[in-house]
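Here's the structure, in structure tokens; my notes come after.
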Amino acid sequence: MPFRIEAPYQPTGDQPQAIEKLVAGLRAGYRHQTLLGATGTGKTFVMAHIFAQIQRPTLVLAHNKTLVSQLWAEFREFLPDAAVEMFISYYDEYTPEAYVPSKDLYIEKEASINEEIDRLRHAATQALLTRRDVLIVASVSAIFGLGSPHDYGQEKIHLRTGEVRNRDKLLRQLIDLQFERNDVDFQRGTFRVRGDTLDIIPANAETAIRVEFWGDEIERIVELDPLTGEVLLKHTAVEIYPAKHFVTTKEKLQLAIVSIQAELNERLQELEAAGKLLEAQRLKQRTLYDLEMLSEVGYCSGIENYSRHLDGRAPGQTPWTLLDYFPDDFLMFIDESHITIPQLRGMYNGDRQRKQTLVDYGFRLPSALDNRPLKFEEFEQHVYQVIYVSATPGPYEREKSEQIVEQIIRPTGLLDPEIEVRPTRGQIDDLLGEIRRRVERKQRVLVTTLTKRMAEDLADYLKEMGVRTMYLHADIDTIERVEILRDLRLGVYDVVVGINLLREGLDLPEVSLVAILDADKEGYLRSETSLIQIIGRAARHIEGKVIMYADTITRSMEVAIRETQRRREIQMAHNVRHGITPQGIAKGVRDLTDRIRKVAEERGEYVTTPETAVPVDLPRDEVLKLIKDLEKQMKQAAKALAFEKAAALRDQIVELRQALALSE
């Protein structure tokens, strides 16, 4: 019985044959297949159908957090009964530990962990250990070191009503699982004790588990809202998984401490023999402090650097990653594989180079080198069956694939966009005229440039000309980037200018024009693959058009234009043959940040005070600044447990965004 797909439409266009061929390939035992799908042909829908028919745990790898968020939201809609989870880096801000010998500069690791994303990571790993109908959408974080799935799964605590359980012993078990006791600031990964009642917020949950004792007997287990205390569900049994992925047994911890001490002694001898006395002293001081922390509390800052000892692995042995939480027969999709595959290849070398310097200068033991991402060869060994998904598959996918399935026809009958090449002379004025024509028709525009400076200058110029413009650049964090793209769709902005951020996987049906500046400058950003991907951003609109500003036609431009024309002719012939009239895509604007940034599910009965009321006469730029300021205040209020204030601020933000979206 296939898993249930929920969608207001059935597979059409090229989708049915793509699903049929790829499923047949999987059942025939093909290890490598490629879905060559043009932009807007519904590749995500096809992936959901394949998952539903194959009925195996599935990993969808994507190359950035924005795309992961988008895919996760779509799969959750298509597969309401399945466990659709997300696994990305939980750092909002991250500066890795590093040492620059030329400046004698040590950079300490600084990280700001996003609690909500950490919760989603735990939800993903726990789903994999408890059920089969699991689809995880992940970034390359999937190949970075994670705690052992065996320890994570075996160390869980089973609680059942009616069983006799020594409460004090249970509290010690929770502490062993890295839970913290906190009777005041009750949050995820903590527990509190009140009389005969024990409350726990598991690492994967937003709700609390209350365990009520009668003496040493568990009398009742309920799930409740930690803020209001409202009982949501009654349970006969629950399982509490560790609060952190890096967890180990007491026996393994003791063995690890002995092993770390032995490695330290050996390394100190090496450094002293080489006359590196400063490095030896530094390493000794840092490692002994960590060992003391491990002995006393079972945890230390940077514990992941000792993961080889904690896991009992041999030097150089493959580390545990998210891939090890999957069963052997799992299915993998690699979305936008032409970008994701090279990214997977490059992870190991960059990490190794940075850590080798730390080891050489006595900041870390050599075993820290084994806290690393997978080498590409190790990643390949984890693959049971994989489907590469891309509009422009790379040489690796083409060479490996036993079958390449084309998906060119769109269900809506939409054609690939028309392409026009225009001279660079007077390009900005020409572009401004095109933008104004699109704005009159309530359409959106993407503009891609080659340099950050040019993108900034162009965005500033367009703003001066009265165009609602936003500049999308690499310094913008994940959540804000998602919000900018959402606001483009809502009409807060009419134009978004970017460099390399307007390519793979951006689903923006309102965009009718993509302008490519300096299209004839050969290079990575203007290769045939990049150009085809950029062109695809205009393929979801019935009036989709691409303007390349160039003075010559490069080979990459020629290939991209020819391939787009080939697909366009196939699509036109299909439409004529079946009497299809192209239709625009009507797609709701999902709030991809709904579970990553929120204070409460429902709007509360909160009153906005006159001092904080929304000003209606501010210029648009000032309102956008105000929204940012209010969001900061909302976060601070939520952190300080001032939930009424946080919810009131949230309501103001919603009102401001609605006002911006409606105003012209």
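Note: Cβ is positioned from N, Cα and C throughout, glycine not excepted.
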**Annotated range (Swiss-Prot: motif 'Beta-hairpin') out of 90-113, 234-257, 258-281** = 90-113
**Request:** Around the recorded ATP site, report the further residues of that chain (criterion: Cβ within 8 Å of the mean position of the Cβ atoms of Gly37, Ala38, Thr39, Gly40, Thr41, Gly42, Lys43, Thr44; site residues excluded), sequence-ordered.
**Result:** Val46, Ala391, Gln407, Arg410
**pLDDT averaged over every residue in the domain 'Helicase C-terminal' (427-593)** = 88
**Message:** Restricting to the chain of Gly37 (ATP binding site) and a gap of 6 or more, list residues whose Cβ falls under 8 Å of its Cβ, or answer none.
**Reply:** Asp14, Ala18, Lys43, Val46, Val389, Ser390, Ala391, Glu406, Gln407, Ile408
